[in-house]
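First up is the structure itself, then whatever we jot down about it.
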Amino acid sequence: MPSPLSLCRYLPRELSPSVDSRSCSIPLVAPRKAGKLFLGTTPPRAPGLPRRLAWFSIDWEQVCLMHRLGSGGFGSVYKATYHGVPVAIKQVNKCTKDLRASQRSFWAELNIARLRHDNIVRVVAASTRTPEDSNSLGTIIMEFGGNVTLHQVIYGATRSPEPLSCREQLSLGKCLKYSLDVVNGLLFLHSQSILHLDLKPANILISEQDVCKISDFGCSQKLQDLRCRQASPHHIGGTYTHQAPEILKGEIATPKADIYSFGITLWQMTTREVPYSGEPQYVQYAVVAYNLRPSLAGAVFTASLTGKTLQNIIQSCWEARALQRPGAELLQRDLKAFRGALG
């Protein structure tokens with residue numbers, strides 16, 4: 001039997017002035033042979049929260065962990081159920097090498113807390129208060145976006161019990177379909193003044209309905225926050241192989257940084273190759289100083305007009321100057337036209 005997660009119900013007051021400041025009620029937990037059972041009572045406020053504030057309150061008696069999906073530097077992600085519905089639960093650990101970075105990652109995940117879009121993994125609920133014996137800095141309950149990432153599909157390693165072949169999954173039509181899903185998600189995020197800043201195949205989930213959903217917002221930033229910090233340099237996380245030159249140089253991020261990352265991702269979908277080899281610091285230097293990019297010389301790009309079109313789209317996305325890259329809206333239009341021309 002899965003075990004309920006023993007955390008409290010509310011985010012702190014500073015997240016929203018509309019939530020009252022009563023102290024958290026941490027339920028008692030008694031061990032049983034089959035797991036843990038909550039003995040504490042539900043705070044009276046929880047059932048009465050309006051829909052627009054529903055994600056501030058979690059009924060932890062309805063949360064049951066099933067198994068771990070993965071782990072990283074900041075914590076672990078589990079498959080679970082919440083009120084009987086499959087969800088993913090991310091726990092951010094306290095004892096990481098960089099506590100402040102893990103705190104930033106947790107709060108960055110909540111940049112999308114109130115957003116709803118078919119191509120964005122939805123935040124269901126979150127909590128920062130934990131029992132004294134817990135190692136968790138915070139917990140986020142998210143929509144379960146799927147068992148498989150785009151990275152796994154590209155490189156042939158999936159968790160699916162009956163994995164489909166990579167070549168079958170990544171025909172040109174499939175690449176364009178997935179690309180449009182991702183660009184639709186980016187267009188929505190940018191319309192909400194949110195930058196993802198770590199877009200890559202490993203952070204794109206593929207649902208059972210074959211829909212791509214952008215996930216892992218631990219590096220995300222709000223545009224207004226970036227503008228406020230313009231006078232002082234600040235750290236932006238992410239994956240160096242997918243980071244735009246201006247990010248590697250420490251400049252202020254814009255939506256065009258996500259477009260650059262999408263260009264690398266589209267190249268991966270098309271070639272099924274790894275973007276770079278070599279030491280990270282040398283790759284970063286070459287990207288900035290020598291305009292290094294993954295190769296577009298393969299037959300997949302040069303042997304047909306279709307390949308040439310893909311080549312042009314990718315090149316436009318990873319232009320050295322951010323202003324020369326298309327925005328998500330123009331990119332969406334070009335991909336739709338390309339897909340339509342293929343019939």
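Every residue, even glycine, has its Cβ placed from backbone N, Cα and C.
Confidence for the domain 'Protein kinase' (63-339), expressed as mean pLDDT, is 88. If you look up Swiss-Prot, you'll see 63-339 marked as domain 'Protein kinase', on the strength of sequence analysis.
Annotation source Swiss-Prot lists ATP binding site at L69, G70, S71, G72, G73, F74, G75, S76, V77, K90. Its own atom aside, the Cβ of S71 (ATP binding site) has 12 Cβ atoms within 10 angstroms in the protein chains shown.
Using a 10 Å Cβ-Cβ cutoff, D198 (active site, proton acceptor) registers 23 neighbours. The active site, proton acceptor annotation in Swiss-Prot covers D198.
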C-alpha spacing of D198 (active site, proton acceptor) relative to L69 (ATP binding site), in angstrom: 19
Secondary structure of D198 (active site, proton acceptor) (DSSP, helix/strand/coil): coil
